[in-house]
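Asker: What follows is a single structure, and I will ask about it in a moment.
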Amino acid sequence: MSQNEHCQDSGEYFSAGTQGYFKNNMEDNLEVREDSLGDEVFDTVNSSIVSGESIRFFVNVNLEVQPSKSDLEAATGGCVLLHTSRKYLKLKNFEEEVRAHRDLDGFLAQASIILNETATSLDDVLRTMLNRFALDPNHAEPDCDLDLLMAKLFTDAGAPMESKVHLLSDTIQGVTATVRGVQYEQSWLCIICTMKTLQKRHVCISRLVRPQNWGENSCEVRFVILVLAPPKMKSTKTAMEVARTFATMFSDITFRQKLLKTRTEEEFKEALVHQRQLLTMMMPRAAGHSMSSLHTHRHPQPPKCKDFFPFGKGIWMDIMRRFPVYPMDFTDGIIGKSKSVGKYVTTTLFLYFACLLPTIAFGSLNDENTNGAIDVQKTIAGQSIGGLLYALFSGQPLVILLTTAPLAIYTQVIRVICDDYNLDFNAFYAWTGLWNSFFLALYAFLNLSLLMNLFKRSTEEIIALFISITFVLDAVKGMVKIFGKYYYGHHYHTKRTSSLVSLLGIGRSPNSSLHTALNASLLASPVEMATTSSPGSTHSGQATAVLSLLIMLGTLWLGYTLYQFKKSPYLHPCVRETLSDCALPIAVLSFSLIGSYGFQEIEMSKFRYNPSESLFEVAQIHSLSFKAIGSAMGLGFLLSLLFFIEQNLVAALVNAPENRLVKGTAYHWDLLLLAIINTGLSLFGLPWIHAAYPHSPLHVRALALVEERVENGHIYETIVDVKETRLTALGASVLVGLSLLLLPFPLQWIPKPVLYGLFLYIALTSLDGNQLFSRVALLLKEQTSYPPTHYIRRVPQRKIHYFTGLQILQLLLLCAFGMSSLPYMKMVFPLIMIAMIPIRYNLLPRIIEAKYLDVMDAEHRP
């Protein structure tokens, strides 16, 4: 059985709900190895379990190699046999095991810490650590041969060539087993060695300057822990026990990130002591979690009637959970050792452009759909006010509010109804928004956000992919309009020709003098004359269309290239991270300058702007009849369903366990706050806003510290820590509000193709981690290129494709209603989203077995 297969079976064993560990006695083997070095070699990696969101264990691998003889090599072609075995070890309990504290105290008293090790090969790193023992008087071992000790750390793999291939003899490496599969913790490696000539135990920790690739499952090593000890020791003092102590500490990904930030040995020691205190407090609590509770957490039960009462319980619990940490939302990353001012600045700039440009685009669309009742100026004002209030008072400030395409569609439907029935648009719009806020407040007080537990991961990803498609569709529609007007349309050329005729005074009354016509022609600007001269005028429209397409694709290319730049090997890591965080602002500014200044002789399509006569005007809600108010209630109810689903869905994606947020959730309070904000926006005729996808998950990603690992050639990222702050959303909202001073210029210098490129960028970046999109891509790949995901290993391939096909059908159903040309069909779009719940629970299990559905759903719910 291969190593990966064995790990997979182990993960399935523990997911069944049994806790325990396997232990093999290695003492005899270690003695034999000392007596006959080279006759028999071992490579050991130990395993352990921890309760919580997943199962953590260490892998113990023993490789036994018989030296190949020359004649045997000739017969077998250099092939040798490797025997692999594993055993499980529990994490050290710092609350109960006194030895764990003594191991750490002994290390701190005679610490051997190497910071910023520049060596790149494992041999050089270990030799540096052994030399540290030799030079340190506290670790003097007069009878120890360093060359022999170095040889014992490695195992000859039996390679027939003169250059031997080395395998570590005895190591510990952390592994996390979840329902999604097995993940190696590749940033640290604990190496164990026993030797009779050693007098006492020794521990050395080396922190590498850069991650090193030392083979499979060790592709991003930053820490090396070396444990040396004599073989004859008390059972609680063996090399394995000491290694288990330090392996337990390094199994915490947050702790490893803290160690990376330390600058001196004293800070390194302080981090070790602090981690011991945390483990002492957390171990009893962690031990109380059972595997059954973990299983329930991953697959929450549907809420019962009693869960929705008492009235307002969820709101009160949210406030009590979030209020104690409210001051920290302003100080985290600003005060203390872990400062993140630079990341806050880049994230604020990213949010500013990510919010402002869609706001301008949808504001221009609202201006066209409402005949100027809601324009760009009002849309920017509403975005700024709503964003400020939500960033200040929300329970989860990482969620970003934004007006969206479905809301623009609802606004268009309201305008059509008002025109058909001769109603006051502002009053009817206000009543629809008030009813929407009333239902949202009712949902919040009744704790209906608990119903979101019914949404499986597959359903969430269908809706998320639908939103990404709408961004792509908006960009394509905009580009089609540009080509229709400038490339194919005759109206543009006729308009240009007529402007030339009027410019020269041809066709005027007989009283017009030639002198006036000549003056008009001479006073015309060079650009205007260039665009109206022949034959260039017949091609200027085509140039506009082609340039618009290039600018849109260029904005997408530059933005996404810089976004992925942090994964490249070029420049310093800090520079790569800064460029990645500022990818969107750089792309927008660059191609705005190219479109507006690089090609001044070519006309570019810009958004429509008409300044509002009264920015804040209260709607005359008393002017409508009771019948019209009742009609607005129906629209408000359907709109509230859209708000409810979008708000809770995006909040669930932000609060997902893999994001490692620690300050708690506030679904019910945030829903009530959303109702309050939209009440004010409705009364003043400003566009509605709700939680935006993918802006909110991208906001989390921008504030996250990420650790990478490589498995089978595929790079996976794990979020280590997220700065849960209000400052970035506050700063972006303030900048959006100040953008009102930039209207009409210089904001109108941003061509529409740049906005469309932004839409494509947002859609493309939102596909990262979307399992539905990944499974659709499998249809275009050969089977040997399939990634080693959990569903590939545990679900038959035919079932995977069946499930993907059924999800695509649901996605097409959403698109049929959400993108319909009939406005009234778009209004029932929220009902279609709700209809996916019975489809998932009642229809899909009849086609695909429930056990396979659960694996592919891989439910993660806070």
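Using N, Cα and C of the backbone, Cβ positions are placed for all residues, glycine too.
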Asker: According to Swiss-Prot, which of these ranges is transmembrane segment: 154-176, 246-268, 499-521, 775-797?
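Answerer: Going through 154-176, 246-268, 499-521, 775-797 one by one, Swiss-Prot flags 775-797 as transmembrane segment.
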Asker: Is it the case that Swiss-Prot assigns ASP375 and SER394 to the same side of the membrane?
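Answerer: In Swiss-Prot, ASP375 is across the membrane from SER394.
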Asker: Do the transmembrane segment (344-366) and the transmembrane segment (824-844) come together with 3 or more C-beta pairs under 8 Å, pairs six or more apart in sequence?
Answerer: no
Asker: Report yes or no: does the transmembrane segment (824-844) come within contact of the transmembrane segment (628-645), defined as 3 or more CB pairs under 8 Å with a sequence separation of 6 or more?
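Answerer: They are in contact.
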Asker: Averaged over the topological domain 'Cytoplasmic' (798-802), what pLDDT does the predicted model reach?
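Answerer: Result for the topological domain 'Cytoplasmic' (798-802): average pLDDT 88.
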Asker: Sequence gap of 6 or more, Cβ distance under 8 Å, 3 or more pairs: do the transmembrane segment (722-746) and the transmembrane segment (803-819) meet that?
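Answerer: Contact between the transmembrane segment (803-819) and the transmembrane segment (722-746): absent, because fewer than 3 Cβ pairs are under 8 Å.
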Asker: The topological domain 'Cytoplasmic' (798-802): which same-chain residues, six or more beyond its ends, come within Cβ distance under 8 Å?
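Answerer: For the topological domain 'Cytoplasmic' (798-802), the sequence-distant neighbours (Cβ-Cβ under 8 Å, at least 6 residues beyond its ends) are 775, 778-779, 791-792, 847-849, 852, 856.
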Asker: Flag the pair the transmembrane segment (753-770) / the transmembrane segment (380-393) as in contact if three or more Cβ pairs fall under 8 Å (sequence separation 6 or more).
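Answerer: Answer no: the transmembrane segment (753-770) and the transmembrane segment (380-393) share fewer than 3 Cβ pairs below 8 Å.
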Asker: Which bits of the chain, at least 6 residues beyond where the topological domain 'Extracellular' (600-627) starts or stops, bring a Cβ under 8 A of a Cβ in it?
Answerer: 360-361, 363-364, 367-368, 372, 375-378, 381, 423-424, 426-431, 434, 482, 485-486, 527, 530-531, 540, 543-544, 547-548, 551, 682-685, 743-744, 748-753, 755
